[in-house]
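Engineer: For reference, the structure I am asking about is given below.
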Amino acid sequence: MRYQGREVDVEGRVRLVMESALTARDRVGVQDFVLLENYNSEAAFIENLRRRFRENLIYTYIGSVLVSVNPYKELEIYSKQQMERYRGVSFYEISPHVYAISDNTYRAMKTERKDQCILISGESGAGKTEASKKILLYYAVTCPTNDRMETLGNRLLQSNPVLEAFGNAKTLRNDNSSRFGKYMDIQFDFKGAPIGGHILNYLLEKSRVVHQNHGERNFHIFYQLLDGADDDLLSTLNLERNPQSYRYLVKGNCPRVSSISDKNNWKVVTKALDVIGFSTEEVQELLDIIASVLHLGNTLFGEGEEGETYITTETQLSWLAKLLRVDGSALKEALTHKKLTAKGEEMISPLSFEQAVSARDALAKAVYGRTFNWLVEKINRSLAIKDEIYHSGKGSSVIGLLDIYGFEVLQHNSFEQFCINYCNEKLQQLFIELTLRSEQEEYETEGIAWEPVQYFDNKIICDLIEEKHKGIISILDEECLRPGETCDASFLEKLEDTVGGHPHFVTHKLANGKTRRVMSREEFRLLHYAGEVNYNVSGFLDKNNDLLNRNLKEVMCQSDNQILSCCFRREEVIDQKRPEMAASQFKNSLMRLMEILRSKEPSYVRCIKPNDAKQPGRFDEVLVRHQVKYLGLMENLRVRRAGFAYRRRFEAFLQRYKPLCPETWPSWQGKLVDGVSTLVNHLGYKAEEFKLGRSKIFIRFPKTLFTTEDALEAKKPEIALILQKSWRGYREWAKYQRIRHAVIVIQSGWRGMKARRRANRRRHAAELIRRFIKGFIYRQEEYCPENEYFLDHVRCSFLKKLSKNLPRSVLDKSWPTAPPSVVEASEHLQTLHMRNMVIKYCRRVQPEWKKQMMQKVVASELFKDQKELYPQTVGRLFLDSRLEREQISLKVLQTLGSEKVQYGVNVVKYDRRGFKPRARQLLLLNTFAVLVDRTKIKQRIDYSTLRGISVSSHRDGMVVLHVPCEDSKQKGDAVLHCSHVIELVTKLSMLASKTNYVNISPGSIRFAITRSKEGIIDFIRGSELKVAKGKRGHLLVTTPQIAAT
């Protein structure tokens, strides 16, 4: 959304985008040359260009004219965001840009419903083609569109690479130089959407097809085809990849250019042809023609003994006929002979060698030139308006885009430069005429008196070139048509005779001695508006004639190639009228172009190249001064500054400078003209410094504007302070209002919520009490709706109480008393809780303690309530061994080998005969036990053969290990006494897995002495433990009595 010179972004912030660059003029120069104080100084003009170029500010205005300096590098100023920045903004409100002139032209076309045009000029390499691309891209992106219009926009954009491929070439000054002039009309509907387009081309440099200067190339398409086409296509066209194989491509000796990728450009061109709408057949025929030009250049001639000319390259000729789709013999005849008509009779005359070469080159130029014209027409058909409503032109508007060669002054200037510079003379004449007219119209519209402007009127030069019967073009045509021997020298002589007295025409013969030293005898000089140019007349007549032999035309008219059949029509052969000369054709097309441009409102882009080396950052002052001169920029500036340097609408001027006057700040409520008048009176403007029009203020001197701008800069801190104070006050007041409103809303909401909560709590409490009382009454009944709440409450209360009074240890057997309704659940919970505590306890037990516990459990199972000695051992830990490793004989350990001793203890063994006590060590291993006497193993008892373990129920330490008597290795049961009998028996029974074989006898213990003899151990009570041989050969063990408790 935009209004009154302001731009509003999506956040709603308003920012003024007026001429802010004025404040930085000392560093980057002025963005409009009209504001130069010394506007008559060319040095000041160029210095301003230099300053801006140094800061990468490549665009500058001269009023409504845009001056563009080629930066020779990519600048980040062409993004979509930049396009949106310039879209719909007044022309002078932001910094100069090609998008600004594009948008201003588009808005003028849309609002005034009047056709517009943009004229882009400058010398080769100045950036004309790039400027036209940027303008087309701006319209393609910013204009309203739909699917069909998007297709049209794509075709408009894709027409550029096609026309560049066929019409651009590498020259000494520019790697991508346009060798033709182009005028493009873009048609828009009433909504401002593009609906069609049309292209006119001017003066294609056809001579480049057959000849290039050293360091230059032929047209791009030849190199793109050779480098980018696949092998199958080249084979079909009988072409090689090496450009040096073709005579039309070797003369410039520059087959490759570092800044150009022919291979990539070939892909771009083929894609563009598809987008524009070329069929496969049309593309193939087009490539056949391009290949035929290369083959034509390689067609060579020989000269016979009698002077006749013949073709020496029959293979090339056959391929040429195949590609052109003509009869080979007819083509051969046409290239070596010419047809003459005299007194109604036709005669065939052989061509000389030079004439045959010229005929071949003329055919190549004609084929390529006419194909280029057909290509432009094909593109025009794809861009043509499809809707009938717009065909009359009443419902549509047009923006024209003229991209044409600038004024050229080369080392050697010929016919082409003459035509180009003539074109620039006409454009300069039109430019001055339209600029003066627009200035005069603006003055008259605003009611300001028009002051006549002194300027150089180049009509005298235009008349010198184009005047009927007396102009250079007329003389050139007349010389070409004159019977008899004519040559370039005779043309120059006729010029001297006819226009020799003209002040803007000089030849070697007419010049003074000083001028003669720098001019050759084949040259004439024209004093153009942009400077003096010497033209060499060599080739003028041939290039102006531009004739193709009649029999060559006849052959080409019979071609089966559809493109060539359109380019060479049979009417040309039948029509006996001599075709128009090249210069006259160009003059007439230029006249039509002038009529087109006069019918439109013009805008101008003047392109300048800063150096010849194409280096970024380099500014060649001599070269730039030369271009400033021949582009007529100083002349344009003088016309623009003849009256008032600065003009601006009242609202824009008042909006920017109103802070400088107390009466207009912060806003003016009256008429705009009165506000501006009050402001300038307060600023002290003198009467000769300004004029007030009907809607604009006109300021004569830039100094007046700069003084006003400096005053505004000095005022800005004060304005900023006022704005800051006002903004802070408003911000705090707004913040207070928001907080106050928020507090009220929160308070009212909170009070309401509290009241609702209180009412809900009371309602809920009454309902609970009612249900509780009813449940208490029916508490003895089965579970039903009347008592469900009460019973649930009882259960819940019990569970809460239980959760706080759960037993903490497995030894704690307490449990809260459960109500009748949850007794069963309480019992289940008690069991689950106990299991859970046991599991948790077991998980916390360390492996050593687990082993100890397991042994204690086994001991409990074996000896609890069975042996009197057991209670005393409950609190004592079982040890891993009662013997240190050092106490066991090393020899015994070696004998045991890899078997590990699991437990060892000192015991007393009683012999079978006499029961004599013997000190022994009992060692328990994994699979057997051994009795050791110092260093000798006395007895080995395998666990698998152990028949039982017998102990008494008394307080003694006697233990009997029962072994099979049948085993000859055994010496009978082992009768042992151990101080740690509980520990020993527990470990032995666990290792041997014989816990069920442990026998605790309350009376005597029987044991086997030998296979057939049995012994008995008797136990009696006594004061102390004693083991001795008793009566009848029994072993008598006295056990201590149990102490009285």
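Keep in mind that glycine also has a Cβ here, set from the backbone N, Cα and C atoms.
TrEMBL entries are annotated by machine, without manual review.
Taken from TrEMBL, the feature domain 'Myosin motor' covers 29-713. Annotated ATP binding site per TrEMBL: GLY122, GLU123, SER124, GLY125, ALA126, GLY127, LYS128, THR129, in sequence order. Feature annotation from TrEMBL assigns region 'Actin-binding' to 590-612. Residues or ranges marked as domain 'TH1' in TrEMBL: 867-1041.
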Engineer: What other residues of the same chain, not counting GLY122, GLU123, SER124, GLY125, ALA126, GLY127, LYS128, THR129, have a CB atom within 8 A of the CB centroid of the ATP site?
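Structural biologist: Filtered neighbour residues, in order: ASN70, ASN174, SER177, GLY406, CYS607, LYS609.
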Engineer: Against which stretches of its own chain does the region 'Actin-binding' (590-612) lie, if we need a Cβ under 8 Å and a gap of at least six residues from its ends?
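Structural biologist: The answer is 49, 53, 62, 64-72, 98, 101, 104-105, 108, 112, 114-123, 125-128, 131, 173, 183, 200, 202, 398, 400, 402, 406, 422-423, 426, 430-431, 434, 618-620, 623-624, 627-628, 631, 633.
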Engineer: Same chain only, sequence gap of 6 or more: which residues have a CB within under 8 Å of the CB of GLY122 (ATP binding site)?
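Structural biologist: Once residues fewer than 6 apart are set aside, GLY122 (ATP binding site) is near SER68, LYS128, GLY406, ARG606, CYS607, ILE608, LYS609, GLN627, LEU631.
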Engineer: By DSSP assignment, list the helix, strand and coil residue numbers for the region 'Actin-binding' (590-612), in that order.
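Structural biologist: Per-class counts: 9 helix, 8 strand, 6 coil.
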Engineer: Which whole-number mean pLDDT does the model give the domain 'TH1' (867-1041)?
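Structural biologist: Summarising the domain 'TH1' (867-1041) by its mean pLDDT gives 88.
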